[in-house]
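Working notes, beginning with the structure itself.
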Amino acid sequence: MKKRTSILGGAAAIAATFVVFVIPFIFIILMAFKDRQQSALRDFSLPTGFHFWENVVEVVKTRNWMMITAFINSSIITVVSVTLLVIFAAMVGYVLARRKTRWNGLIEFLVLAGLMVPPAVVPTIWLLQGLQLFGTLHGMILIEVAYNLPFSIILYRAFVATIPRDLDEAAIIDGARPLDVFFRIVLPLLWPVTVTNIVVQSVGIFNDFTNPLYYLPGNANATVQLTLYNFQSQFSTAYNLLFTNILLITIPPLLVFMFFNRQIVAGMTAGAVKG
Amino acid sequence: MSASTMAGSPNRAETRAIKRSPYPGWFFTPAAIIYSVLFLVPTFASLYFSLTRWTLFDSEFIGLENFAQFLREPFLIKGLINTVIYAAVTSGLKVVVGLLLAVMLTSQIVGRGYLRSVIFFPVLVSTVGVGITFTVLMHPTQGMINETLALFGIAGPGWLTDPNLALYSVALVDVWKGVGLATVIYIAGLVAIPQDYYEAARIDGATPWQNFWYVTLPLCRPATSTVITLSFIGGLRTFDLIWAMTKGGPGFASDTIASVIYKQYQAGFYGLSTAGNVVLFILIALLVVPLTMFLNRKQGHE
């Protein structure tokens, strides 16, 4: 009896979540397969022909191959800023967890403030202009690092606390220098939380729309999220291209989801204070 | 913060001892420089520039005029109220729906793996992409939602065109996208509840409803406080979804502080835009600090 109700309940839940969560994605895919005329109807119907490949080619070629530029820019920003985040945040988390000084309170306060306080947009632009970093990939990378450091530090600090001190102390007694201890002994031990950090932060930075909108203006610097925003006005009627674009930029997070599902969930629930 | 290695600069021997510390303070330096220059300096600068009329090249001190304007202009006040409504609605719904989904997913139900994936996946999808998709789905006459409702003889509302509804429609989409995160946080919280409690409740003959109300709900309070804090801060700061779906419209009906900040920035009112930032900061401090204190205090009484 119990079993039967759970199967019935499961079937109902599967049906309900299918309607609410899956149909919107099917709609995106169907739209991406349609031609311009059919997509203008914006209804939930099977495509009359297979136009996916044409749509992809057209989206990619639009505005002088802007999509390619955008994918390259987004990849550079994501890879470099996540690399810096991992190293710098691990260094802070490591020392913060290992050494108790009177600075710890201040640093912890700053980390929490970083999660809560909204960035002051125009003063940041003013500062970036002063540093000649406004509208450059370097500037964008440093912004992403600055804004996402607190979350990474929290993840690392919590994890370092679970690693026995004996491991690094043994190396220190053997005369290893702090940098060697960190890079050769501690950082490899932090690998599980590093994977979590990489996955969660890459998805976040790749999907970031607001910060590139403010700090990285101009078509040459477009990131993938901004191509969507540009396409929206340009193809106000070409829904097939708009949805092909949405589908294309959903592929990287989908791949990450398929391979790192567990790490993402672990990271987001462990450091569940991200603002 | 390398300051810790220099602190006090005592005699040489001691300095060398500190320098030789296996956990050197200079490990903070790279992070501290980036964070201070790009986050702390602009934050403190915003306190000054919010009091000026500002063109980025020069600024004229005008006192609290920007803030006065914020409280005078009806559309700016509207943005302020909308922000609070949006944060309250999204975090409230995420708590309720997230908890229900988590209870369902931790029970003996078929297709758990599928359900979990399907509910969580939208968290990872581009917010703007989701916003555009739902803008199309919510179109008053040609959108799929209203066309489906019409099949059942229901005249669907103008989700994003009705000024009284637009903000709530965007909030609903926010819940659709974010409830997966609330659910996995709750799942982590529910799994951590020791089975003994349910065992004891079963012996006492508790109904499933009593189980939920007197065991599950009080014991997953840490998860609840995390979900509320997280989605409340997120809701107050929200920009991309609103911008992708309504651009604050129709009129100013769904403007939030974050969209006002962007609009004032685009219009060249840098001082006013920065004042918006300070207002948002004050709002977060005023609402979130007491909220977290309240949630944690309750927890302490358990």
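Cβ from N, Cα, C; glycine included.
Record features (TrEMBL):
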DOMAIN    A:71-260  domain 'ABC transmembrane type-1'
TRANSMEM  A:7-33  transmembrane segment
TRANSMEM  A:70-97  transmembrane segment
TRANSMEM  A:109-128  transmembrane segment
TRANSMEM  A:140-160  transmembrane segment
TRANSMEM  A:181-206  transmembrane segment
TRANSMEM  A:238-260  transmembrane segment
Contact set, same chain, for the transmembrane segment (A:109-128): CB under 8 Å, 6 or more residues outside the stretch: 134-135, 139, 143, 147, 149-151, 153-154, 214-215, 273-275
Top stretch by Cβ pairs under 8 Å to the transmembrane segment (A:238-260) (candidates A:7-33, A:70-97, A:140-160, A:181-206) is A:7-33
Mind checking which residues of the chain, 6+ beyond the ends of the transmembrane segment (A:7-33), have their Cβ under 8 Å from one of its Cβ atoms? 39, 42, 44-47, 50-52, 55, 239-240, 242-244, 246-247, 250
Please indicate, using numbers and ranges, the residues of the same chain that are 6 or more beyond the transmembrane segment (A:70-97) and have a C-beta under 8 Å from a C-beta there. 104, 107-108, 137, 140-142, 144-145, 148-149, 152-157, 159-161, 182, 186-187, 190, 194, 197-198, 201-202, 205-206, 212, 221-227
